[in-house]
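Pulled from TrEMBL, these are the features on record:
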type: DOMAIN; residues: 43-79; note: domain 'Alpha-D-phosphohexomutase alpha/beta/alpha'
type: DOMAIN; residues: 109-162; note: domain 'Alpha-D-phosphohexomutase alpha/beta/alpha'
type: DOMAIN; residues: 174-269; note: domain 'Phosphoacetylglucosamine mutase AMG1'
type: DOMAIN; residues: 282-408; note: domain 'Phosphoacetylglucosamine mutase AMG1'
type: DOMAIN; residues: 447-497; note: domain 'Alpha-D-phosphohexomutase C-terminal'
Amino acid sequence: MSFERAAGTKQVKYGTAGFRGPANDGQMGFIVKRSGITAALRSRKLGKATGLMITASHNPVQDNGVKVTEPLGEMLVPSWEGLATNLTNADDLNAEVEKIIKDEEICSSSEGLVVLGRDTRPSSSELSYAAAEGIIQAQSRSLNLGVVTTPQLHYLTYKINTGTPVFKLDLDLYYSDFTNAFLEITKNSANLGNLVVDCANGVGHLAGAQFAKRLESKVNVKLTNVGDGQLNHECGADFVKTGQRAPVGSEMEEGVRYCSVDGDADRLVYYFLRNGKFFLLDGDRIACLIATYLQKRLGEETSVNFGVVQTAYANGASTNYLSSLGIKTVCTKTGVKHLHHAALDFDIGVYFEANGHGTVLFNESAIGKLEKEGQTEILALAKLVNQTVGDAFSDMLAVEAVLHLLNWSIEDWAAMYSDYPNRLMKVKIANRADIQVTNAERTCLAPAGLQEKLDALVAPVTNGRSFVRASGTEDVVRVYAEADTAENCNKLSIDVANLVYDMANGQGDKPSL
């Protein structure tokens, strides 16, 4: 089978999610192959292993994608995003490869190593062959982990570059590290009760089964949507967050904690039933829970500098809650790479997108200060959190551990603050690139006059807030709105969506309730 780029093929761009699109449109094969070349060249440049993950995360099953991982598990650096874009779109592949080798001063005799993983999509297996073909073409070797979650790929890439021999690099290392950390934190606790995990009919059910077995003495974990349905269809973290309702197959009971991961297990949201009503605990809530714990344990005399990084999608009530406690907050552009970078400015940086993608970063300075201050409990938590990337299962264990350490129920967690009613809509326009934004995506620069009219719609609404931005993964413009009541929120969202439709050459039906 050929994975070559046909002449006249449309241009693609490497973004926050790497490359992503329909799996069977004739493009993804060559895109993944060339991403294999990119990962191999990056490895040769650095003299360390890189990672390559084949997944489309929360997208529908017919989509797929690919993204490159840096040696310590970070996302690909911005300068190489441009190189990846140019290489993938090049008509003369060999010339482009030679250009990169020359410009990046890559030794012609060097050999790279790429850690390769894929999710459970039907198209992922074939695409892994495309990746391997590209890696070989770029004078490198691949270490194929097979079917893994995205966080597992990031974590094991990090481990191989920090001293773990190749022959010891397997999934047991991942499970053992996080299981042991959780068991250490909860060693003096009784069983923590029932937890139902929606695995989105994706690779998460494999990881979930391992954690359920290894932690059965501490948590009663039940898995749902374990591959008996369609990937991400009416299930998974994105469905629950967007729809504000339980996933298919979930017969919710009061007194039970529920959570959902997404298709590649890097997002997490919690929820529960209160008096017959569904209650969501999203990424904002997870960030606030962990930040509250850190503030309580660190105390006022600590030398540790910690804060929370959010995006414009964070519910305004969560930001107000953190501010009321004196916890520092920073707002960045949407995209994990932006939050991750900003979190590095703190000794301990807590970052979560509202969609449930996030983690907690502890730098070397933080570890030294925590040791000096005798903060053994927080040091144990640092081992429990996957610091390479957002990890649904590591985050799940962190939530369970922090609830235990605070002696909080899920009801206590929910009582921290009340969300402002909010709504996220999609508007189809002729060219999403016509929407230009600044100020961490909270202010619209183009089309001219849009921001002024948007401000006029927001001004009379109590606790009103709204912004628009072009999606990074879909060919749409996203409209976010929040207000004091659901009625006001819905009206504001429709008004703003129609404003965008009218000013940016909207396509299809106009937005409506």
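The backbone N, Cα and C atoms fix where each Cβ goes, glycine too.
All TrEMBL annotations are machine predictions without curation.
Since the structure is predicted, the reported quantities are computational estimates derived from the model, not experimental observations.
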Distant-in-sequence neighbours of the domain 'Alpha-D-phosphohexomutase alpha/beta/alpha' (43-79), which means Cβ under 8 A and at least six residues beyond its ends: 14, 16-24, 28, 31-32, 35-36, 104-107, 110-119, 121-124, 127-128, 131, 135, 138-140, 142-143, 148, 150, 153-158, 160-162, 200, 230-233, 236-238, 262-264, 266-267, 336-337, 340, 387-389, 473
DSSP-assigned states of the domain 'Alpha-D-phosphohexomutase alpha/beta/alpha' (109-162) in counts, ordered helix, strand, coil: 25 helix, 15 strand, 14 coil
Secondary structure tally of the domain 'Phosphoacetylglucosamine mutase AMG1' (282-408) (DSSP, helix then strand then coil): 66 helix, 21 strand, 40 coil
Counts by DSSP class (helix H/G/I, strand E/B, coil) across the domain 'Alpha-D-phosphohexomutase C-terminal' (447-497): 21 helix, 12 strand, 18 coil
Secondary structure composition of the domain 'Phosphoacetylglucosamine mutase AMG1' (174-269) [DSSP: H/G/I, E/B, coil]: 30 helix, 17 strand, 49 coil
For the domain 'Alpha-D-phosphohexomutase alpha/beta/alpha' (43-79), residues assigned helix / strand / coil by DSSP: 6 helix, 13 strand, 18 coil
